[in-house]
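Peer 1: Before I ask anything, here is the structure I am working with.
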(Lines of atoms letter the chains of each structure in order from A and count residues from 1; the text may use other names and numbers.)
(Lines give C-alpha, C1' and ligand atoms only; values in the text may rest on other atoms or scores of the structure.)
Protein backbone atom coordinates (compact mmCIF):
# COMPACT_ATOMS: atom_id res chain seq x y z
CA UNK A 1 0.00 0.00 0.00
CA UNK A 2 1.29 3.46 -0.91
CA UNK A 3 1.90 5.94 1.90
CA UNK A 4 0.64 9.46 1.25
CA UNK A 5 1.95 12.58 2.97
CA UNK A 6 0.27 15.91 2.26
CA UNK A 7 2.44 18.99 2.81
CA UNK A 8 0.62 22.25 3.37
CA UNK A 9 1.76 25.77 4.13
CA UNK A 10 1.39 29.39 3.14
CA UNK A 11 2.59 30.60 -0.27
CA UNK A 12 6.36 30.94 0.17
CA UNK A 13 6.55 28.53 3.12
CA UNK A 14 9.04 26.37 1.24
CA UNK A 15 6.79 23.30 1.08
CA UNK A 16 7.56 22.54 -2.58
CA UNK A 17 11.32 22.91 -2.16
CA UNK A 18 11.27 20.78 1.01
CA UNK A 19 9.34 17.98 -0.71
CA UNK A 20 11.56 18.15 -3.83
CA UNK A 21 14.72 17.74 -1.74
CA UNK A 22 13.27 14.85 0.28
CA UNK A 23 12.19 12.97 -2.84
CA UNK A 24 15.59 13.64 -4.45
CA UNK A 25 17.37 12.28 -1.33
CA UNK A 26 15.15 9.17 -1.40
CA UNK A 27 14.52 8.73 -5.12
CA UNK A 28 14.13 4.95 -4.89
CA UNK A 29 11.12 5.12 -2.60
CA UNK A 30 9.66 8.66 -2.58
CA UNK A 31 7.83 10.53 -5.34
CA UNK A 32 6.90 14.19 -5.04
CA UNK A 33 4.09 16.02 -6.78
CA UNK A 34 3.35 19.70 -6.33
CA UNK A 35 -0.29 20.52 -6.88
CA UNK A 36 0.81 23.88 -8.27
CA UNK A 37 3.29 22.29 -10.70
CA UNK A 38 0.74 19.71 -11.85
CA UNK A 39 -1.81 22.47 -12.49
CA UNK A 40 0.78 24.75 -14.18
CA UNK A 41 1.84 21.87 -16.46
CA UNK A 42 -1.77 21.27 -17.45
CA UNK A 43 -2.30 25.02 -17.96
CA UNK A 44 0.76 25.24 -20.22
CA UNK A 45 -0.76 22.63 -22.54
CA UNK A 46 -3.43 25.21 -23.48
CA UNK A 47 -6.08 22.49 -23.60
CA UNK A 48 -9.63 23.38 -22.64
CA UNK A 49 -8.87 22.23 -19.09
CA UNK A 50 -5.52 24.06 -19.15
CA UNK A 51 -7.14 27.36 -20.14
CA UNK A 52 -9.74 26.93 -17.41
CA UNK A 53 -6.98 26.32 -14.84
CA UNK A 54 -5.09 29.40 -16.07
CA UNK A 55 -8.21 31.55 -15.70
CA UNK A 56 -8.37 30.72 -11.99
CA UNK A 57 -4.65 30.64 -11.11
CA UNK A 58 -3.88 33.97 -12.78
CA UNK A 59 -6.27 35.59 -10.29
CA UNK A 60 -4.94 33.63 -7.30
CA UNK A 61 -8.23 31.74 -7.03
CA UNK A 62 -8.74 28.02 -6.40
CA UNK A 63 -9.07 25.73 -9.41
CA UNK A 64 -12.43 23.85 -9.44
CA UNK A 65 -12.50 20.87 -7.11
CA UNK A 66 -13.10 18.09 -9.62
CA UNK A 67 -10.11 19.17 -11.75
CA UNK A 68 -7.76 19.28 -8.76
CA UNK A 69 -8.89 15.95 -7.26
CA UNK A 70 -8.65 14.24 -10.65
CA UNK A 71 -5.13 15.63 -11.15
CA UNK A 72 -3.98 14.54 -7.66
CA UNK A 73 -5.39 11.02 -7.85
CA UNK A 74 -3.96 10.51 -11.31
CA UNK A 75 -0.48 11.48 -10.05
CA UNK A 76 -0.70 9.15 -7.03
CA UNK A 77 -1.92 6.15 -8.99
CA UNK A 78 0.56 6.58 -11.84
CA UNK A 79 3.57 6.64 -9.50
CA UNK A 80 5.68 3.52 -9.02
CA UNK A 81 7.04 4.79 -5.68
CA UNK A 82 5.93 3.54 -2.25
CA UNK A 83 5.84 6.96 -0.56
CA UNK A 84 4.06 9.89 -2.19
CA UNK A 85 4.51 13.52 -1.13
CA UNK A 86 1.97 16.01 -2.43
CA UNK A 87 2.39 19.65 -1.53
CA UNK A 88 -0.17 22.40 -1.77
CA UNK A 89 -3.13 20.13 -1.06
CA UNK A 90 -5.69 20.45 0.40
CA UNK A 91 -6.28 24.18 0.00
CA UNK A 92 -9.96 24.10 0.89
CA UNK A 93 -12.33 22.20 3.15
CA UNK A 94 -14.01 20.83 0.01
CA UNK A 95 -10.67 19.52 -1.34
CA UNK A 96 -9.95 17.92 2.03
CA UNK A 97 -13.36 16.23 2.14
CA UNK A 98 -13.16 15.07 -1.48
CA UNK A 99 -9.75 13.45 -0.97
CA UNK A 100 -10.85 11.88 2.31
CA UNK A 101 -13.87 10.38 0.56
CA UNK A 102 -11.74 9.04 -2.32
CA UNK A 103 -9.12 7.57 0.04
CA UNK A 104 -11.80 5.87 2.16
CA UNK A 105 -13.27 4.29 -0.98
CA UNK A 106 -10.07 2.47 -2.01
CA UNK A 107 -7.26 0.37 -0.54
CA UNK A 108 -4.20 1.33 -2.63
CA UNK A 109 -3.19 4.47 -0.74
CA UNK A 110 -3.18 5.36 2.97
CA UNK A 111 -2.83 8.91 4.25
CA UNK A 112 -0.07 8.82 6.86
CA UNK A 113 0.19 12.50 7.76
CA UNK A 114 -0.55 16.09 6.85
CA UNK A 115 2.60 18.13 7.45
CA UNK A 116 2.16 21.87 7.86
CA UNK A 117 5.23 24.02 7.16
CA UNK A 118 4.51 27.01 9.36
CA UNK A 119 5.89 30.49 8.57
CA UNK A 120 4.78 34.00 9.48
CA UNK A 121 2.90 36.06 6.91
CA UNK A 122 5.87 38.46 6.74
CA UNK A 123 8.29 35.64 5.91
CA UNK A 124 5.89 34.27 3.31
CA UNK A 125 5.48 37.70 1.71
CA UNK A 126 9.24 38.36 1.58
CA UNK A 127 9.84 34.97 -0.04
CA UNK A 128 7.03 35.23 -2.60
CA UNK A 129 7.70 38.81 -3.66
CA UNK A 130 11.43 38.07 -3.75
CA UNK A 131 11.05 35.33 -6.36
CA UNK A 132 9.67 35.64 -9.84
CA UNK A 133 7.71 32.68 -11.10
CA UNK A 134 4.95 34.24 -13.10
CA UNK A 135 2.10 36.71 -13.32
CA UNK A 136 0.71 35.53 -9.99
CA UNK A 137 3.62 36.85 -7.91
CA UNK A 138 2.64 40.45 -7.12
CA UNK A 139 1.55 41.96 -3.81
CA UNK A 140 -2.20 42.10 -4.51
CA UNK A 141 -2.28 38.51 -5.67
CA UNK A 142 -0.05 37.47 -2.74
CA UNK A 143 -2.60 38.86 -0.27
CA UNK A 144 -5.39 37.06 -2.10
CA UNK A 145 -3.40 33.80 -2.01
CA UNK A 146 -2.79 34.26 1.73
CA UNK A 147 -6.51 34.81 2.29
CA UNK A 148 -7.32 31.69 0.25
CA UNK A 149 -4.77 29.76 2.37
CA UNK A 150 -5.81 31.13 5.78
CA UNK A 151 -9.62 31.10 5.45
CA UNK A 152 -10.05 27.29 5.68
CA UNK A 153 -6.85 26.58 7.63
CA UNK A 154 -8.32 26.11 11.12
CA UNK A 155 -10.96 23.68 9.84
CA UNK A 156 -8.34 21.70 7.88
CA UNK A 157 -6.03 21.60 10.92
CA UNK A 158 -8.85 20.47 13.22
CA UNK A 159 -10.01 17.75 10.79
CA UNK A 160 -6.56 16.18 10.59
CA UNK A 161 -5.77 16.73 14.30
CA UNK A 162 -8.91 14.75 15.14
CA UNK A 163 -7.53 11.89 13.03
CA UNK A 164 -4.07 12.27 14.66
CA UNK A 165 -2.53 13.03 11.25
CA UNK A 166 -1.52 16.70 11.66
CA UNK A 167 2.17 17.58 12.16
CA UNK A 168 3.59 21.13 12.32
CA UNK A 169 7.15 21.88 11.24
CA UNK A 170 8.75 25.28 11.86
CA UNK A 171 9.49 26.74 8.41
CA UNK A 172 11.40 29.75 9.76
CA UNK A 173 14.69 27.81 9.98
CA UNK A 174 17.34 26.90 7.43
CA UNK A 175 16.25 24.65 4.60
CA UNK A 176 18.66 21.96 5.82
CA UNK A 177 17.05 21.88 9.27
CA UNK A 178 13.52 21.80 7.87
CA UNK A 179 14.27 19.08 5.32
CA UNK A 180 16.12 16.99 7.93
CA UNK A 181 13.20 17.11 10.38
CA UNK A 182 10.57 16.43 7.73
CA UNK A 183 12.55 13.60 6.13
CA UNK A 184 13.19 11.88 9.49
CA UNK A 185 9.49 12.18 10.30
CA UNK A 186 8.37 10.70 6.96
CA UNK A 187 10.88 7.86 7.10
CA UNK A 188 9.90 7.06 10.70
CA UNK A 189 6.69 5.48 9.37
CA UNK A 190 8.69 2.65 7.77
CA UNK A 191 6.60 0.24 5.75
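Placement of Cβ uses the backbone N, Cα and C atoms for every residue, glycine included.
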Peer 1: Which stretch, out of 34-63, 64-93, is listed as region 'NMP' by Swiss-Prot?
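Peer 2: My reading of Swiss-Prot: the region 'NMP' range is 34-63.
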Peer 1: Per Swiss-Prot, which of 130-136, 137-143, 144-150, 151-157 is region 'LID'?
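Peer 2: Per Swiss-Prot, the stretch marked region 'LID' is 130-136.
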Peer 1: Can you tell me which binding-site residues out of 61, 63, 89, 91 are within 10 A of residue 16 (ATP binding site) by Cα, answering none if there aren't any?
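Peer 2: Neighbours among binding-site residues: none.
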Peer 1: Starting from each candidate's C-beta and looking 10 angstroms out, tell me which of the binding-site residues 13, 16, 17 has the most other C-beta atoms.
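Peer 2: Most Cβ neighbours within 10 Å: 13.
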Peer 1: In angstrom units, rounded to an integer, how far apart are the Cα atoms of residue 35 (AMP binding site) and residue 14 (ATP binding site)?
Peer 2: 14
Peer 1: Give me the DSSP three-state residue breakdown of the region 'NMP' (34-63), ordered helix, strand, coil.
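Peer 2: Going through the region 'NMP' (34-63) residue by residue, I get 20 helix, 1 strand, 9 coil.
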Peer 1: Name the residues of the same chain, 6+ apart in sequence, whose Cβ is under 8 Å from the Cβ of residue 173 (ATP binding site)?
Peer 2: none
